[in-house]
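What TrEMBL records for this protein:
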- 80-100: transmembrane segment (TRANSMEM)
- 164-182: transmembrane segment (TRANSMEM)
- 194-212: transmembrane segment (TRANSMEM)
- 232-253: transmembrane segment (TRANSMEM)
- 282-303: transmembrane segment (TRANSMEM)
- 341-357: transmembrane segment (TRANSMEM)
- 369-392: transmembrane segment (TRANSMEM)
- 398-416: transmembrane segment (TRANSMEM)
Amino acid sequence: MFNCLRLTSCMARNGTGSFSQFSAFKTISPARSFVSNALLVKPPAGGFTNSLLTIGRTLRTPVSRYCTKPNVPEKGSKSVGYWLLGCSGMVFVAVVLGGVTRLTESGLSMVTWKLLGERMPRTEAEWREEFDRYQQFPEFKLKNQDITLREFKMIWYMEYGHRMWGRAIGAFYALPALYFWTKGYFNKAMKIRVLAFGALIGAQGLMGWYMVKSGLEDRFHKESDVPRVSQYRLASHLGAAFVLYSLFLWSALDKLLPAQKLAGPIPAATFRFKGLAHASKAAVFLTALSGALVAGLDAGLIYNSFPKMADRWIPSDILAMSPALRNFTENPTTVQFDHRVLGTATLTLITGMFLISRRRLLPPRAYKAATAVAAMGWMQVALGITTLLTYVPVPLAASHQSGSLILLSLAIWLTHELKLVKRLPK
């Protein structure tokens, strides 16, 4: 706006007849032409400049966005972006470690929890004391009665590493956040995000212990019961980690890879494609949550065939529990069936999204993102089928879980590239 005022004020000082001397004025954009024409109404003699400024102030609000220069980058924007990207990377590693901990059945080896971390046993006597505590809980009594102290150390180290990595995330987040805050690197909106991120990290740690406690409770009394954490709490813990990761990654992209704008009018088909991209992202997230139920119930260890389940499209025991709704979260057969259906539906949705993207006007990087989502979607399904057919080996199963987070990351990238595809208010 002020650039427009400077131009017209300069013209006013040189007289209205001198407007033709400014070559820039001849090629001025439609938005600026509107402003200039509005400003160049001839006022009473002697008051041209004052009237010009008065009218300019009146029109400043509705048209300033057409005449101002792009916003100046926030202070330390790149530094904050790399910090947020680092936080998302650490959450990614935490998810992988958590998956391996679950697959190696190490999660119930530590039966206590302290906010600032447990002290690692140093001597043989301390290890024996830790082992004695473990022997008081269901996993040892019902499943691991033959475990040796050496084997116990291995699963204990796995759980210890997962917990300490979680605390390292807290430190990696909090210390730079405090520094950036005091240096004025955060605007008001970013300060709210920072506080929300911190709360989510703390809640995630508490949720992790709440999950572990479910496997330490004395609730395994049936002959077929296997000591394990609650699949509901496991899904909540994993879902919270995915949410935290997604928010970190989205915020990092805001700083490091801002979304590109489309020039000119945006077709209605582009808006519809944006909705399809968000639907694909939601489907990926939902399928990952169903995978957490599969892991919590060890449902990947049954019906190790594909595409049929024991030569049937729909297994006979899919509704074996009563009431029927219990089957969807507590029956391993139904949980695996649901995961298969969701995975297939998500892949179909992603493939359709990719094919449609070829015929839509999109920001340049969105085409690459759509291609990456489709390629990773097919790879993820192939990993899942291979994991099932090979009876869930740890390396493949961990890769499949990591693949779900990679696929979600690419879906986030795609929707972020479409962030500026918006309808202008009428």
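In case you wondered, yes, glycine gets a Cβ from its N, Cα and C as well.
All TrEMBL annotations are machine predictions without curation.
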Stretch with greatest number of CB pairs under 8 Å, the transmembrane segment (164-182) reference, 80-100, 282-303, 341-357 candidates: 80-100
Closest-packing stretch to the transmembrane segment (232-253), where packing means Cβ pairs under 8 Å, from 80-100, 194-212, 282-303, 369-392: 80-100
Close approaches to the transmembrane segment (194-212) from elsewhere in its chain (Cβ under 8 angstroms; 6 or more beyond its ends): 87, 107-108, 110, 113, 163, 166-167, 169-170, 173-174, 177, 181, 186, 229-230, 233-234, 236-237, 240-241, 243-244, 247-248
